[in-house]
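Everything on this sheet refers to the single structure shown next.
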Amino acid sequence: MGTKMGFLGGGGGKMWHKWWEKISGQGCKIHQQYYQYIGSKKVKRALWRKLLLTWVVGWTVVSLWIFCYMSLQGTEKRKETLASMCDERARMLQDQFNVSMNHIQAMSILISTFHHAKNPSAIDQNTFARYTERTAFERPLTSGVAYAVRVLHSEREQFEKQQGWTIKRMDTLEQNPVHKDDYAPEALEPSPIQEEYAPVIFAQDTIAHVISVNVLSGKEDRENVLRARESGKGVLTAPFRLLKTNRLGVILTFAVYKRELPSNATPNERIQATDGYLGGVFDVESLVEKLLQQLASKQTVIVNVYDTTNHTHPIVMYGSNESGDVFYHVSTLNFGDPFRKHEMHCRFKQKPQWPWLAITTSIGILVIALLVGHIFHVTVNRIADVEDDCLKMMELQKRAVAADIAKSQFLATVSHEIRTPMNGVLGMLHMLMDTDLDVTQQEYVRTAQESGKALVSLINEVLDQAKIEFGKLELEAVLFDIRAILDDVLSLFSEKSKEKGVELAVYVSDQVPELLIGDPGRFRQIITNLMGNSIKFTDKGHIFVTIHLVEEVVHSIEVDKESNSENTLSGSPVADSRRSWEGFKAFSQEGPLGSFSSPSNDLVNLIVSVEDTGEGIPLESQPLIFTPFMQVGSSTSRKHGGTGIGLSISKCLVGLMNGEIGFVSIPKIGSTFTFTAVFTNGFRSSNECKIQQINDQPQSASSEFEGMTALIIDPRPVRAKVSRYHIQRLGIRVEMVSDLNQGLSTISNGNIVINMVLIEQEVWDRDFGLSFHFVNNTRKNDHEVPPKLFILVNSSSSFKASMNLGVHTPTVITKPLRASMLAASLQRAMGVQNQGAPRNRELQSLSLRHLLRGRKILIVDDNSVNRAVAAGALKKYGADVVCVSSGKDAISSLKPPHQFDACFMDIQMPEMDGFEATKRIREMEDKVNREVSMDDTENITNWHVPILAMTADVIQATHEKCLENGMVGYVSKPFEAEQLYREVSRFFQSS
């Protein structure tokens, strides 16, 4: 069978050709969409120009309408104002006229009572004149009052003798009016013979010249008198020129009756009962002028009063033909005489001004509309330009994305092609280590293995970055012990920290549950990346990893420690960790803190900090710290190594864990990286899950130390707290003091039995005399068994006992402290035998031997080296291995009935890949299971051999895709005992 061809030839070249065709096709599609967009853009611009023109024309029409509307509103308001002013004047004139009319009517009753009803009369001319003069204020509109008595022709002679003057006529005055200064009553002619006369006998002094004048001799007065006595009401004459004054006036006449008549009296009854006629003279011109003078705005309105009894020829009673406003208002005047009609016409004296408010408003609205149109026009043009730029950017972005995808696929494929032969190299080296080699050969093989593992680790990082860019990175959900993971990471960096003299420590809060559910591998990867960076850039001081609950950090004063040299692990100043998480959502009011603090919630929100005292990150490089393949400086990769993608991967992994990551770094001081992660509480999961997976967790405590008490002597509270944390994990009670004197006092009190004393090297080396004194006094105590002494040192080479204490020389425990290492040291020193099971790696190796011994396993791979490596790894654990090189051979080998217990199948194979082969095997098994009856197979109820994917391409070999094609899991190359045990233990029961 032919071997799989490389990336640059054969199948790899075809794959690259397909990618290039795909990218080119996307580029052509983008160009086609671009030209379609350009055509539609021209249509949009033409449409916009039409809309803009419509906008301008529309708002111009609206502005004209607003101008007309506001002008009409102003005109209507002007008319309403004029009407109000005119009605006010008419009402005042009418009211005052009614007052005068009522007073004249009252005087008619007075004359009837005191002149005609009394004999002799109680009124004469002097009395009448004096009375009318004193009551003139009651008649503000009258210029005079006169009384004419009714005299029959038969009574004329006697009447004239009685009065001493002759009754004069009036009609010649009407025909030939005289000037007021030329008027002389003595010159008037006697009244001609008539059936009856109405000579004036009483008159106010202002019109005393009318005494003896027969009012029935004048045409207007005669009609007026006759209508007054027939109607019983006040009647008015038409306007005429008054005697002597020659001004326009009217006369209001009331009839004076002999007795009080009923309201329904007939005209004849009224004529028969008439004694005389009382008239009031109204000088209309002067009266209206006086009225207008009472109003402040008299000058703004022109007033005309008309007698409109004859509508065709109205008589002007007041006013002139002075020009004014074109608009006028007519108010009706009611002076109590239904026969006479009067009107008041009013006009504004000044013509209306230009409607500036309407003009400015309409022009302002039009200007605003034009500005808005201009803004929209500019905005649309700007949007069009931005759309052009955006389209170009989208085209460039799509090209960049396509290039980025091609890059990621290229890296993934190249990584896979490199990983495949590396699997063979590492596998063969692993098998070579099991052969008989001398010390030098073993060192060479071990060096080659470490180099190969470093290369595989680099490939894994590249694959992780590619999976992140593809969105294919997924997390597991398994039960794990977070403290055991941190112990493993400490073991990984312990030698490097000892070489540099850097103190390495881990602290996990008691509030953190012992078991969590999540992805331990990815959590270990984050911690490893952060600690790896710290160990590279830290040459002195310490690296300190702490884990707390988020709510514990928020509410605990203990965690919010001050960053000073006296309260850090090594005494060196550090960057304040609080600044690294001050922007996290978990600590804000909008964040999810409330959901994690509920006792009934299964979620555990952790906050992890990695603190170091290294070089720090330059300020200019801090914004790019999480950018893939970015280094702090050009010399960094040469000095420290690395690809610069560890932090980028860590940030993505933290995001998948529903957390956040941040950092604070001070050059020459150090850096602190902090991230949050959300897990599920393992103690609230089902018991079945615990029992199934708890055996995989390393033992963190030993029952042999239960009930013991340890004394820690350390002047640094943080470092003492770390030591207490690890010792308490073994079930040992812990007391802490800061110096040897306090420690000796605690031991001597006898209140507590101290089984062991752990002294920090700093305390021991400070004063050897005091140390010697401390050892001697602990031996002189009354206790049956003196406490065991231990010295905690960062490096065993740095500790030198300057004095020979013989059998009392303390036992040295080298940091970093871990539960397993600490337990082993205490067991050896205190003579306690470990009754526990073998360690984790030994347990896995032994378990695999039990699980795989005698099992027949089929290996399917087209690469002979991979087949040899896989066969060697499985045979090492006692399995019976059969190898085939293609999917077709696998189908033939697994055709029921067969003797295979499991199958490891490669995914990428020529002709038929592993997924297709698995799918056909499952179809074949289903067909056989339907055909075979229970009698034919006594021991087998169903054919379903476990098939596990075996690949170096981690991107394609996802768990979901394996399940979709009928596989039960997958193992990545090269084989590791831990991974083999985890997958195989799900299907095989140990015999």
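From the backbone N, Cα and C atoms, a Cβ is placed for every residue, glycine too.
Caution: TrEMBL annotation is automatic and unverified by curators.
The annotation domain 'CHASE' is assigned in TrEMBL to 119-345.
Here TrEMBL flags 413-681 as domain 'Histidine kinase'.
Residues or ranges marked as domain 'Response regulatory' in TrEMBL: 709-830 (among others).
Summarising the annotation, TrEMBL assigns domain 'Response regulatory' to 856-988 (among others).
Cβ-based neighbour count (10 Å, all protein chains) for Asp906 (4-aspartylphosphate) stands at 28. Among the features that TrEMBL reports, 4-aspartylphosphate is placed at Asp906.
Annotation comment: TrEMBL describes 52-72 (among others) as transmembrane segment.
The feature transmembrane segment is assigned by TrEMBL to 354-376 (among others).
Same-chain residues lying 6+ beyond the ends of the transmembrane segment (354-376) with a Cβ under 8 Å from its Cβ atoms: 52, 55-56, 59-60, 62-64, 66-67, 69-71, 74.
Outside the transmembrane segment (52-72) by six or more residues, the chain places 355, 357-359, 361-363, 365-366, 369-370, 373, 376-377 with a CB less than 8 A from a CB of the stretch. For the domain 'Response regulatory' (856-988), residue counts in helix, strand and coil come to 52 helix, 24 strand, 57 coil, using DSSP. Helix first, then strand, then coil: DSSP counts for the domain 'Response regulatory' (709-830) stand at 58 helix, 25 strand, 39 coil.
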